């Protein structure tokens, strides 16, 4: 079979070549040798793709290229996945699969990634997991994280509670990285009296790529879920561009800070809880909720109100914009500038919204540091208007928390009290000088 079209197909067919044949290509004084692999159908017909012996794919233009067959290849037949065996000496860990890159593979018809058809494929690619825990797979969704909604958060939380009460010693949630910190925060609030690890894990590059981060991330997540003492909703991802260890980050204190780096996740106003390698766990903090042995006492509290908006102010934000949200949302989180400021022309609108019973929470676009509305005149006017400072919460965490709080009360005084109460580690009593990336990385 040959997954090429047009000019490329004509040339390759004339040479009797098929997908996965080993070929040698000479072009412009350079010589390349590797496996001819399918080219995405949506791309042009002027190039071919070969996989080099180092595992990387390169595209080669056909103009002036000499191609010769080295040996015939064949598409690898589908492997029979090994049956999961149970070992009495290992704890049981449930893997709740929601989708994302970590449960994906390359789709050569488009050049993009698609979800694994069966979650067991991940275990087949990372056999080391079988020596850490007895894994039980729960296929919940096959969605990339940008498509997940608060409804999905509820379903994930409900499944995690069920698995923990069913005897799992820890939970792994395989999740896309783009909105992982939203979901990890939601579960931190919804899972009350959590006494086992709930570990969110993802990857920036799919597991079938040479540069994947999925293998180390999944090994580290499994080790923490099976053996770690941390009974919180945490995120486990690479700690550096190298492939040596991963960090465990508190879910309500973590954020994706780079589009593509393997170490994209950083703690914000916090420090990593642990460093995890293939060999073991090194605790970096003593400040966490601890695992309890025996049956789990966790219970689900998933009452949330989705009608909350997260707005980032900008220079020149027009008057009337915030007022237009009245009747659509029951709560608003504003990511302000600096210490939590907004342009003065919208403060009257904020006051009117609060008078109508819509709580307004002020966070900071700076992310690091604490909102302080008592320093400048703008902040004092916001306090007079009745806003709730987010303190050192991330804007996204403030959004999720306000949804959770409004699911329990619409009394403005109670909303204020709960938003200023530390429920799941989202608020810190002290921000150390070392809680800024250049200081600890």
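In case you wondered, yes, glycine gets a Cβ from its N, Cα and C as well.
Here is what TrEMBL records for this protein:
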- 101: active site (ACT_SITE)
- 177: active site (ACT_SITE)
- 178: active site (ACT_SITE)
- 256: active site (ACT_SITE)
- 18-70: domain 'GatD N-terminal' (DOMAIN)
- 92-286: domain 'L-asparaginase N-terminal' (DOMAIN)
- 307-419: domain 'Asparaginase/glutaminase C-terminal' (DOMAIN)
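The Cα atom of residue 101 (active site) lies nearest to that of 177, taking the active-site residues 177, 178, 256 as the candidates. Around the Cβ of residue 178 (active site), the number of neighbouring Cβ atoms within 10 Å comes to 17. Remark: secondary structure over the domain 'GatD N-terminal' (18-70) totals 0 helix, 30 strand, 23 coil, with classes taken from DSSP. Within 10 Å of the C-beta of residue 177 (active site) there are 25 other C-beta atoms, taking all protein chains into account. Taking Cβ-Cβ distances under 8 Å and a sequence separation of 6 or more, the neighbours of residue 256 (active site) in its chain are 177, 178, 180, 181, 264, 265. In the three-state DSSP scheme, residue 256 (active site) is classed as strand.
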